[in-house]
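Below: one structure, written as structure tokens.
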Amino acid sequence: MNSTIAEAIKEEGIENYLKNQQHKSLLRFLTCGSVDDGKSTLIGRLLHDSRQVYEDQLKTLHSDSQKIGTTGEKLDFALLVDGLQAEREQGITIDVAYRYFSTPKRKFIIADTPGHEQYTRNMATGASTCDLAIILIDARRGVLEQTRRHSFIASLLGIRQFIVAVNKMDLVNFDEKVFDSIKKEYLEFASGLPKTDIRVVPISALDGENLVVNSELTPWYQGEPLLTMLENAEVGTRDLDLPFRMPVQLVSRPNLDFRGYMGTVAAGVVKPGDVVKVLPSGKESKVKRIVTFDGDLDYALPGEAVTITLEDEIDISRGDLLVAPDAETQVTQHVLANVVWMTEEPLQANRQYDIKLATRKTRGHVDAIRHRIDVNTLEKHDATELKLNEIGLLELSLTNAVGVDPYNTVRDTGSFIIIDRLSNVTIGAGMVVEALAGKTAGKAEFSEFELEFNALVRKHFPHWQALDISKL
């Protein structure tokens, strides 16, 4: 057992310790930046210095640092985070690694994201649930393309708190001029991003300088150490203040006397007696009960998985939305969205894709690519396609009406994934900017031969369960 946890349990008792842990605020943050900027080392050092590393892990770390470490005689703290064999062999991060730690003040979930450009899609996945981003910059190399790319994607995904950690200051002798130059360059770039709270701190992740306490080696730095910034960062409560929204994940029908609608509350608070509207149908009813495994609730908050029963029998199925009558959720078949493209084959207009928005799955196609965004300069360029890791603003038409919110309003009902219809692989991630009126996705066009061949297959080989493409 971790010695810090053991001491706390001994002092408080197990029940009080668990109760105190339960009521601590939780901050989700990610580390991002270019390859070899020290993201995994930073997290490993934070875990170590906050006394969250178990004794057996520490012994393994000493052993692994001698065998495959990249830091000479010093402990390679990145090995605490990089778990894949390929990551350890190459000294890089590939997948998104999640780690948990806590301090007396707050709990934290960290997403350690990869720095290599080909893993940008993994970074976008890690950023999608975070409240804060730590942008790592190597003091020797300054602001690089991936630094800008990750900053832009984090901003695009709604993160409005950045801590810019200028790492490896020990390799530039903790030179204040180097720090000031990097700070100036980054803030000039970030001026083109949406309004963001940005703090800059000089650190040495390997040696632990300015992580938990202020370093004597940077007397010219008057700000807080990194961990204090994390403890004092604002935790998003915006969804709590919004009107209620919940995507229906499943209709629960265990017997003839019960019909409930299961899902996770995306925004707002709901109580028995509240009026809710069903989208896209627009029908209204009152909440009868809020059911959970542990019994009925008096109210449900964002993030809670519940089953809601209604006073009236209404046709509701998976993918529908339950919302408060005053929610500004739009029902549409046409959206404007920012999209991060995640596959080698370029995104092309007019090609049919599967679209999954919250719990609703539908089909659609790209009507137009309004522009592609240069992540280095934030300039907008004309484009006819999006390549791997490129970001663009697109108009999409859907075959079915869906309820959507702008991503900056509600993440869960404003984000979607694009799925390849043949391979079923996720190939893009989208953030809704706004609902557009007037267009719907038309039927897919097939030649006469394709229609006849499809009919022949369905007639003579019904066990293949081929779709009727004339209805697509």
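We count from 1, first residue shown onward.
Every residue gets a Cβ built from N, Cα and C, even glycine.
Because the structure is a prediction, the values reported are computed rather than measured.
Among the ranges 20-23, 64-67, 112-115, 252-255, the stretch that Swiss-Prot annotates as region 'G3' is 112-115. Checked against Swiss-Prot, the range among 167-170, 191-194, 215-218, 279-282 recorded as region 'G4' is 167-170. The stretch that Swiss-Prot tags with region 'G2', taken from the ranges 81-85, 91-95, 456-460, is 91-95.
Per Swiss-Prot, the range carrying the annotation region 'G1' out of 33-40, 377-384 is 33-40. When the binding-site residues Gly33, Asp36, Lys39, Met169 are compared by the number of other C-beta atoms lying within 10 angstroms of their own C-beta, Asp36 comes out lowest.
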